[in-house]
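What TrEMBL annotates here:
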{"type": "DOMAIN", "residues": "6-301", "note": "domain 'Acyltransferase 3'"}
{"type": "TRANSMEM", "residues": "7-26", "note": "transmembrane segment"}
{"type": "TRANSMEM", "residues": "32-51", "note": "transmembrane segment"}
{"type": "TRANSMEM", "residues": "63-83", "note": "transmembrane segment"}
{"type": "TRANSMEM", "residues": "103-126", "note": "transmembrane segment"}
{"type": "TRANSMEM", "residues": "142-159", "note": "transmembrane segment"}
{"type": "TRANSMEM", "residues": "165-183", "note": "transmembrane segment"}
{"type": "TRANSMEM", "residues": "195-218", "note": "transmembrane segment"}
{"type": "TRANSMEM", "residues": "224-248", "note": "transmembrane segment"}
{"type": "TRANSMEM", "residues": "260-281", "note": "transmembrane segment"}
{"type": "TRANSMEM", "residues": "293-311", "note": "transmembrane segment"}
Amino acid sequence: MRQQWEWVDVLKGIGILSVAYSHLYGGYFRDLLFTFHMPLFFLIGGFLFRPRPGTGAYLRKKALHLLVPYAAFLGVLSLPMVYHAVSDTGASWHETAALAGNLILGGRALTAWLAVFWFVTCFFAAQQLTNWLVSRLAPHRVYWVMVLLAVSGYVQQLYFRGDWLVGNLDVVAMAAPLYFVGYEVKRLQVDWERGWALAAVILFACAGCAALAVTDLVKVDMKYALYGIPVFSFCSAIALTAVTASLAKRIAEISSLRRLLGHLGRASMTIMYLHIPVIYFFRQHEEMGKSPLILAAAILIPLAVHHLIALTPPTRALFAGSAVDWRACFGAAGRHASSSLR
């Protein structure tokens, strides 16, 4: 069973490489990756999703898995930012308090080193909402809810893009439909490499690439509620993800590449948290410019940290969200918190 889904780890590896590339370089290829690299992770999440009727237990399980590492990485990475603001730039207490407030708000308020942290809170909320809907409503009703959510996302894009919710929860309006599409692809066993699905993938993937070359209207930046052309950009993101998934399946047949990209995929969350601080550090040295060495460092240094995290139960509990290690490290409190996770 594990071998059957190794291509998913490869796909996540390709996805996190595209995220790191997009935060270092510009141009058409960067814009193309932006149209689907975050939708890709929501689609993967939905593809791997298994509904849980007990929403309270499911919420606690996923909070430990997602929000505990979020808080741990946020705490570690924010310390040097606060120190720099106070000691190096002479920030007032009012400005320091505003920075602390941004750390609490999350979402769009997190910039610079923390720019990608919005994804985790948004993903968690999309996951929980989808689980609640799928566990309680008939499939056709869930479809309508997802359509209404997507419509509300496009309304925000058109009229309220400057407004946002704590943790970027407003982006759930588009993230949840993507998550649900991933779930439905697996539930209905849609084969995107055959028949009508293949035709749709080719059509929207090619159309999306072509449209991006001639207009900015198809550009996507989910963090800032930029979703492109309604329906078209949504379908294009799904199609480009399907193309990338097919590529991942072919790569998974090559053992050396499968091991390499699969390893990156399994470490994708750690790489996501840490690649931007690495990029910021090396960009201080002007002679490096946008050297490929920076991209390599943005992947390899977080990968090394990922291995260090795996060495001890406390680091696995805090930075990887391991329920077993949480229970082992935090005694009775850990046992109580994780008893519902099994």
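Just so you know, glycine gets a Cβ as well, placed from its N, Cα and C.
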Exercise. So, does the transmembrane segment (293-311) come close enough to the transmembrane segment (103-126) to give 3+ Cβ pairs below 8 Å, pairs being at least 6 apart in sequence?
Worked result: no
Problem set entry | Within-chain partners of the transmembrane segment (142-159) [C-beta distance under 8 Å, separation at least 6 from its ends] | 133-134, 170-174, 176-177, 180, 225-227, 230, 234
Exercise. Are the transmembrane segment (195-218) and the transmembrane segment (260-281) close, by which I mean at least 3 Cβ pairs under 8 Å that are 6+ residues apart in sequence?
Worked result: no
For this session: May I ask which of the stretches 63-83, 224-248, 293-311 has the most CB pairs under 8 A with the transmembrane segment (260-281)?
Result: 293-311
Exercise. Taking contact to mean three or more C-beta pairs under 8 angstroms, with sequence separation of 6 or more, is the transmembrane segment (293-311) in contact with the transmembrane segment (32-51)?
Worked result: no
